[in-house]
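Worksheet: one structure, shown below.
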Amino acid sequence: MRWAWLLPLLWAGCLATDGYSLSVTGSVTVQEGLCVFVACQVQYPNSKGPVFGYWFREGANIFSGSPVATNDPQRSVLKEAQGRFYLMGKENSHNCSLDIRDAQKIDTGTYFFRLDGSVKYSFQKSMLSVLVIALTEVPNIQVTSTLVSGNSTKLLCSVPWACEQGTPPIFSWMSSALTSLGHRTTLSSELNLTPRPQDNGTNLTCQVNLPGTGVTVERTQQLSVIYAPQKMTIRVSWGDDTGTKVLQSGASLQIQEGESLSLVCMADSNPPAVLSWERPTQKPFQLSTPAELQLPRAELEDQGKYICQAQNSQGAQTASVSLSIRSLLQLLGPSCSFEGQGLHCSCSSRAWPAPSLRWRLGEGVLEGNSSNGSFTVKSSSAGQWANSSLILSMEFSSNHRLSCEAWSDNRVQRATILLVSGPKVSQAGKSETSRGTVLGAIWGAGLMALLAVCLCLIFFTVKVLRKKSALKVAATKGNHLAKNPASTINSASITSSNIALGYPIQGHLNEPGSQTQKEQPPLATVPDTQKDEPELHYASLSFQGPMPPKPQNTEAMKSVYTEIKIHKC
């Protein structure tokens, strides 16, 4: 009996399969936060009563469980699927399409469709597999025009891959540039940007948050701003210094004459500017690159303003540096000589910046153009040269130092002459012992003269000693001749003179650039201050007279007559 009532039920199930079919995609994949539409068609036998559709998770209880989507208003859906899963077909519809919005990772799984109402059927053999993966899409940033400094430009951030049926995304802009928000749509946001030169190369970020899932994505774009050259600088290096120095436009630079110089021009611009150099003279110059100017050996004529020009499509700008060349300080002189009743001295100096000259007499300073009864100073300058002359007509009772001093740009050079007491030269040119004459000598020359005198005295002393030794030998051998009355000294003369020491001093260049030097007269003579001391002499002896008759005795000694001549060395 039990099998009797089961047979009609089995037959009814078989009949139920006739006329039921489900056409749906077996599986779909969707990125997190996005939407997916699953097309579905269901076929079932006609019925006069209402027919509702339901989508359940695999394993759910069709009677007590909640579907994820349904068109039955009396049936509540699963809480986590509420507002996101939609059954697109209405009551008694053959449309079983499923729309999943704001997909979440928990949505991954298998689903089946069921009919309920006047028709009841579950399509568990036609399952739908849903896979939710991580979101890989990012926003798009579109620049409507070229970014030019100072010009307002619109930028658009959009998420065309998002679905309008889902929760509207939230747009955020991040930039250091001057911006303001423009028009907004569901899937796009507009930004008004006014770029500046400093915005070139900076980042602009559009960030999109999908609130339905809490997922946030963003895109960052580097701004390329077109602007004219600005902030020009010049990097310099010179001499043996391997380091560099950066100068702002209008700065000054001073280097030593003969040093090498490198000037590198730098400009901030986009696109990169074309660089060129201008210099104050027509002298050719060397360019390693268009931006670098080189002077292998700086000369005074290289002084002046050097101008670098930078130019691109947006404009031009220049930068300059003023170059001054500092030449070595050279002191020529002093040179002195007696002229008339005074001592005339002159001194010259060459340098750049132009030097200045002054005289120092003892502790006093003589400079400029000045005059009194004792001295006269005349100074002049032209270009790199400074000249000064000094006339001294004063007397000195003790030694004094006379210096010529040149200075330029914190550099000083000095040359000193020693003035000593001595006989003064009168108008007639004769020596007057009652008055002293100013004597000058450069210290170095004086030492050399003293050394020469010492060597000469040593030489003469040795020579005299040799002569005296020879005379003694001759006197011993011819002692008997001295008794001969025919043997007489006809003449004997002794002369003496003062020893004069001259101190020639190197002359100075009378005109700038002259390289010739004129010989100067001796600066002074040293008088003989030890008149009472005996002087060293050497003498040669010769005897002259008639020859005596030849003695009969051949062994007799021969007599020679001569005269004695004494000469001073």
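Positions of Cβ are set from backbone N, Cα and C atoms, glycine also.
Worth saying up front: this structure is predicted, and the values here are computed from it rather than measured.
The signal peptide annotation in Swiss-Prot covers 1-16.
Per Swiss-Prot, the feature domain 'Ig-like V-type' maps to 18-116. Under DSSP, the residues of the domain 'Ig-like V-type' (18-116) split into helix, strand and coil as follows: 6 helix, 40 strand, 53 coil.
Summarising the annotation, Swiss-Prot assigns disulfide bond to Cys35-Cys163 (among others).
Here Swiss-Prot flags Cys40-Cys96 (among others) as disulfide bond, drawing on sequence analysis. The 10 Å shell around the Cβ of Cys40 (disulfide bond) contains 23 further Cβ atoms across the protein chains shown.
Under 8 Å, Cβ to Cβ, and six or more positions away along its own chain, Arg114 (N-acetylneuraminate binding site) finds Gly53, Tyr54, Trp55, Phe56, Ile62, Pro67, Lys120, Tyr121, Ser122, Phe123. Residues annotated as N-acetylneuraminate binding site in Swiss-Prot: Arg114, Lys120, Ser122.
If you look up Swiss-Prot, you'll see Cys157-Cys206 (among others) marked as disulfide bond. Take the CB of Cys157 (disulfide bond) and look out to 10 A: across all protein chains shown you find 24 other CB atoms.
Cys308 (disulfide bond) counts 25 other C-beta atoms within 10 Å of its own C-beta, drawing on all protein chains shown. Secondary structure at Cys308 (disulfide bond), as computed by DSSP, is strand. Swiss-Prot lists Cys265-Cys308 (among others) with the feature disulfide bond.
Annotation source Swiss-Prot lists topological domain 'Cytoplasmic' at 461-569, citing sequence analysis.
Here Swiss-Prot flags 508-556 as region 'Disordered'.
Taken from Swiss-Prot, the feature motif 'ITIM motif' applies to 536-541.
According to Swiss-Prot, the feature motif 'SLAM-like motif' maps to 559-564.
With respect to Cys40 (disulfide bond), the closest of these disulfide-bonded residues in Cα terms is Cys163, chosen from Cys157, Cys163, Cys265, Cys308. Cys206 (disulfide bond) counts 26 other C-beta atoms within 10 Å of its own C-beta, drawing on all protein chains shown. Those same-chain residues not listed among Arg114, Lys120, Ser122 yet with C-beta within 8 angstroms of the centroid of the N-acetylneuraminate site C-beta atoms are Tyr54, Ile62, Leu115, Asp116, Tyr121, Phe123. In three-state terms derived from DSSP, Cys163 (disulfide bond) belongs to neither a helical nor a strand segment and is classed as coil. Look at the Cβ of each of the recorded positions Lys120, Cys265 and count the other Cβ atoms within 10 Å; the largest number goes with Cys265.
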